[in-house]
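Novice: Straight out of Swiss-Prot:
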- His54: active site (ACT_SITE)
- Asp57: active site (ACT_SITE)
- Glu181, Glu217, Asp245, Asp287: Mg(2+) 1 binding site (BINDING)
- Glu217, His220, Asp255, Asp257: Mg(2+) 2 binding site (BINDING)
Amino acid sequence: MNYQPTPEDRFTFGLWTVGWQGRDPFGDATRPALDPVEAVQRLAELGAYGVTFHDDDLIPFGSSDAEREAHVKRFRQALDATGMTVPMATTNLFTHPVFKDGAFTANDRDVRRYALRKTIRNIDLAVELGAKVYVAWGGREGAESGAAKDVRAALDRMKEAFDLLGEYVTSQGYDIRFAIEPKPNEPRGDILLPTIGHALAFIERLERPELYGVNPEVGHEQMAGLNFPHGIAQALWAGKLFHIDLNGQSGIKYDQDLRFGAGDLRAAFWLVDLLESAGWEGPRHFDFKPPRTEDIDGVWASAAGCMRNYLILKERAAAFRADPEVQEALRAARLDQLAEPTAADGLQALLADRTAYEDFDVDAAAARGMAFERLDQLAMDHLLGARG
């Protein structure tokens, strides 16, 4: 297989990823700022399909209207020259100190109103640039102490904010949907909507739930000790996977944002297998940080590695599914039975079926082996390149 990415692979990157300067809580930047236009050009050369942005990635915070217009014009020219797209955009509601207690759920009402206006302004730009998805990450929505936040009231304010944004895009006739990005543990001590499950439950309480889905990130679910492919499967099952952030993570620790494929390689394999077998048509969006050890050449090597690793895993997953021995092992593990309804004949037939209870041989059923180890080893063989 050719591991050279093309726009048909639909790989996208946030401007904040390749543009990260390496500044962290313990050290200053190790790289100079990256011009968004250069980011567009270099990513296009690598074979990417598009770029995404926070408002402040593209337009420095506090810019005048004239400065804003100039930044957008340069960016649009770069998009036109390279053929790159903007499938998604989002708002930075976490960097400026005004958001120290949150944005949509800040205790200060005037901060909440400012956060909504800031978001609405960038939604207009996102639609202008062709984005179909608007991501919302509530990184500062939470607390460090119990009395500091009335969580029920905060969820009311969160619902109010999303309902207002839904009203706005509907009134404007915008063809755009929202994707809530869950994350636990940082930067707030306890963050609202920390996992996929929290976000899915919240969405069902909104006035226009059809406008809202999730934007799960590999590292975020793993920070909570959860199985990311399982979370994605549930989001797909619910029809709520509107966007996805790909990166790498090594277990339950801080948000590492490694390049995709680094960290938990088995989880990355099963994730790619799931996305490809499910026919996921959205972008494969990389939200990672090139390590602060790298110079600018290392930034592009890291970005290229994200795409290459996805394509390698895509090839390995396809070989796994096409392997006749794997197909036989799947049947031995009775995956075909799992796809069958348990009681398609209805409740009354189930209650009348003596083989379902009275005559069911529980000891014989308990003695059946599931053959999962053989199946898993076949997957390992394909992942490690020993088969196919």
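Just so you know, glycine gets a Cβ as well, placed from its N, Cα and C.
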Novice: Using an 8 Å cut-off from the Cβ centroid of Glu181, Glu217, Asp245, Asp287, can you name the remaining same-chain residues around the Mg(2+) 1 site, in sequence order?
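Specialist: Near the Mg(2+) 1 site, the remaining chain residues are Val135, Trp137, Lys183, Asn215, Pro216, Val218, Gly219, His220, Ile244, Leu246, Asn247, His285.
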Novice: Which ones in the same chain are close to His54 (active site), with CB under 8 Å and 6+ residues apart in sequence?
Specialist: Gly14, Leu15, Trp16, Ala89, Thr90, Thr91, Asn92, Asn122
Novice: Specify all same-chain residues, apart from the site residues Glu217, His220, Asp255, Asp257, whose Cβ lies within 8 angstroms of the center of the Cβ atoms of the Mg(2+) 2 site, ordered by sequence.
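Specialist: Going along the sequence, the neighbours appear as Lys183, Val218, Gly219, Met223, Asp245, Asn247, Gln249, Gln256, Asp287.
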Novice: Show which residues of the chain containing Asp287 (Mg(2+) 1 binding site), separated from it by at least 6 in sequence, have their CB under 8 Å from its CB.
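Specialist: The answer is Gly14, Thr17, Glu217, Asp245, Leu246, Asn247, Asp257.
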Novice: Same chain only, sequence gap of 6 or more: which residues have a CB within under 8 Å of the CB of Asp57 (active site)?
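Specialist: Looking at Cβ-Cβ distances below 8 Å from Asp57 (active site), excluding near sequence neighbours, one finds Gly14, Leu15, Trp16, Gly19, Pro36, Asn92.
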Novice: Out of Glu181, Asp255, Asp257, which of these binding-site residues shows the lowest number of other CB atoms within 10 Å of its CB?
Specialist: Asp255
Novice: To the nearest whole angstrom, state the Cα distance for the pair His220 (Mg(2+) 2 binding site) and Glu181 (Mg(2+) 1 binding site).
Specialist: 9
Novice: What three-state secondary structure does DSSP assign to Asp287 (Mg(2+) 1 binding site)?
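Specialist: Asp287 (Mg(2+) 1 binding site) sits in coil per DSSP, no helix or strand.
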Novice: What does DSSP say about Asp255 (Mg(2+) 2 binding site): helix, strand or coil?
Specialist: coil
Novice: Around the C-beta of Glu217 (Mg(2+) 1 binding site), how many further C-beta atoms are within 10 angstroms, looking at every protein chain?
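Specialist: Here the count is 26.
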